[in-house]
Structure formats: structure tokens, C-alpha cells
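Working notes, structure below.
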Amino acid sequence: MTELKEIQRLEGHTDRVWSLDWNPATGHAGIPLVFASCSGDKTVRIWEQNLSSGLWACKAVLEETHTRTVRSCAWSPSGKLLATASFDATTAIWENVGGDFECVSTLEGHENEVKSVCWNASGTLLATCSRDKSVWIWEVLPGNEFECVSVLQGHAQDVKMVKWHPTEDILFSCSYDNNVKVWADEGDSDDWQCIQTLGEPNNGHTSTVWAISFNASGDKMVTCSDDLTLKVWATENTGMQSGGGFAPWRHLCTLTGYHDRTIFSVHWSRQGIFASGAADDSIRLFVDDDESQVCQLFIFIVTADIHKHKQFKCCNLCAY
């Protein structure tokens, strides 16, 4: 079995680290890898890898904007903007201006804690979700302005994560109500509608769904839950709205028995490996078994038990 080794421990946050995101414009053409992390200490940290030593160092601390836990962070596709979502019910937009990060916009409207933020593939839309059970879609306007174009009401409980499809303007959300919802714009009037619900009746989760992630081509999706399972879903084509139609998602397989406490996080890398992180203090890595002819299409390949972490809230594989 492959072994997963810790190569460096990054310290600086003074409370739980909730989320991290790699800057997609880094890690190539001689540009060092950069990622952002956010925490219960109300700050966001920017980390950069030294090209010579391979070691990581904190390059910036973004603070004095959010007044409560920063729950989620996400870089825009261009890597120029960073969005951060907070329990203070706001989402902040940061821009790197001459080497210093400045908060250039604050998005308000949610009535309660903002749990997740995500950009679409073109960087023209931003989605946020909240404990207030709603999902908001924001249009990115010139001059770092943002306009809410739709408020989606469909979940019965706290919405834990929003995730855009990697190639289509289709939005996915998961919730404390045990469901994953699929949202699409039904025309040119910003009339966003729920076009599919993945729940217990169609082999969905039986408890809170915490996270969603897609493979590189966008034809498979993995979800994780408080029910101690990972579920893999598939769609027949990636051009889900081509010809005006929608290819619905179907349950492909359920991975169970790998974690014995809540699975909080899952992330699918471009190399076809996905990682899960759970409250049992462990990370599990899985790879697609293309030759399998049975339901168990994914092979467990590696584990890391790092008890000092005391529950994994996020895991994110480097895409490069």
C-alpha cells in the first residue's frame, strides 16, 4: 500500500483551520505554488512555496475584516481575487494590489453564518450558502462590484457547501437536510431552478451531506456525509445542457467502512485520486478502478492517521 508522509507542518493560525484553496494561477511557468487557508481565528493566511527549498512560508495574513470564524475561501479562476465566507454573515473579496491584499468588496444579504463560497469556471458568477437555508448567486461586474441575481430557497436546513460544475454553469449544494440539490438557469432571465434532488429515495445519504467534489472531466461527483459513507455519482455527458436538455445524475457506488466518524471533507484531484477527511482523525485516498465490472468502482489506496489533528475539517489535493 502507498504511504502518505507529512513533509511540513504549517503553523500560524490560533484556532481550527476550516478550509483551504490552491491558487490556480500558480505552480507553473516558474510561479511558486500558493494557497489560502482560513480559520476560526477570524483570519486568512496566504502560503507560498519556495522554489529552491520546496518549503512553505506564510506571505500574508488577511485580518480585521471578518468579525467571526472564516469558514470558506476560494480563488477566482484567474487567481486574481480571493473570496472568503464568514460566520459574520458576510463574504469578502480580496485583491492582490502591489503585493498587498486589500478587501475590495463585502457581500451582505445572508441572515446568518455563510458556510461556503465558490466561483464558476469562467469567474463571472459567485455562489454562497448559509445557515439561513439559502443559496445566493452573485454576478461579477466591472470594478469589483457584485450583484445578487438569484436567491435559491429549496433546502430545509443549513446549507453546508456550494460547488459549481467544473465546465458548466450548473450549481450543486449540499445540506443538513441530507440532500444534494442541482440548480440551473432556465433561460436568460436569471431564473435559477432546482432541476434535481439527490436524496435518500434515490440512493442518497441518510444524514448531513458535508461536501461535494468533481473529477476533472465533470462526469463524476463524490459526496461525503455524517452517515459515514462516501457516494459516487455519474452523469451520461458533461455538456449537461447541450441541446436544451439535462442529463440527470445517478448513484454509481457507495464507499463504506473506511471511516468510523463523520466525514467532513472530500476532494477529487485532476489526477483521478480523491481524498476524504473525517472526525476519526484520518485521511483516506481512493483511485478509480477502470477495470472493475462491479459496483465497487473505487479502490482504497492509502491512509494517514494523524491523531494530533483532532478531526479533519478540510482536505484538498494539489492539482499540479
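The backbone N, Cα and C atoms fix where each Cβ goes, and this holds for glycine too.
Whatever TrEMBL says is automated annotation, not expert-curated.
Features as listed in TrEMBL:
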- 10-48: repeat 'WD' (REPEAT)
- 63-95: repeat 'WD' (REPEAT)
- 107-140: repeat 'WD' (REPEAT)
- 152-183: repeat 'WD' (REPEAT)
- 202-233: repeat 'WD' (REPEAT)
| Tertiary contacts of the repeat 'WD' (152-183) (same chain, 6+ residues out, Cβ under 8 Å) | 72, 115-122, 125, 127-131, 133-137, 192-200, 204-214, 216-218, 221, 223, 225, 238-241, 249
| message | Do any residues, 6 or more residues outside the repeat 'WD' (10-48), come within under 8 Å Cβ-to-Cβ of it, and if so which ones? | response | 56-63, 66-75, 77-80, 82, 84, 86, 94, 101, 313-314, 316, 318-320
| said: Going by DSSP assignments with H, G and I as helix and E and B as strand, what are the residue counts for the repeat 'WD' (107-140)? | reply: 0 helix, 21 strand, 13 coil
| Tally of DSSP helical, extended and coil residues in the repeat 'WD' (10-48) | 0 helix, 17 strand, 22 coil
| task | Mind tallying the repeat 'WD' (202-233) by DSSP state, helix then strand then coil? | result | 1 helix, 17 strand, 14 coil
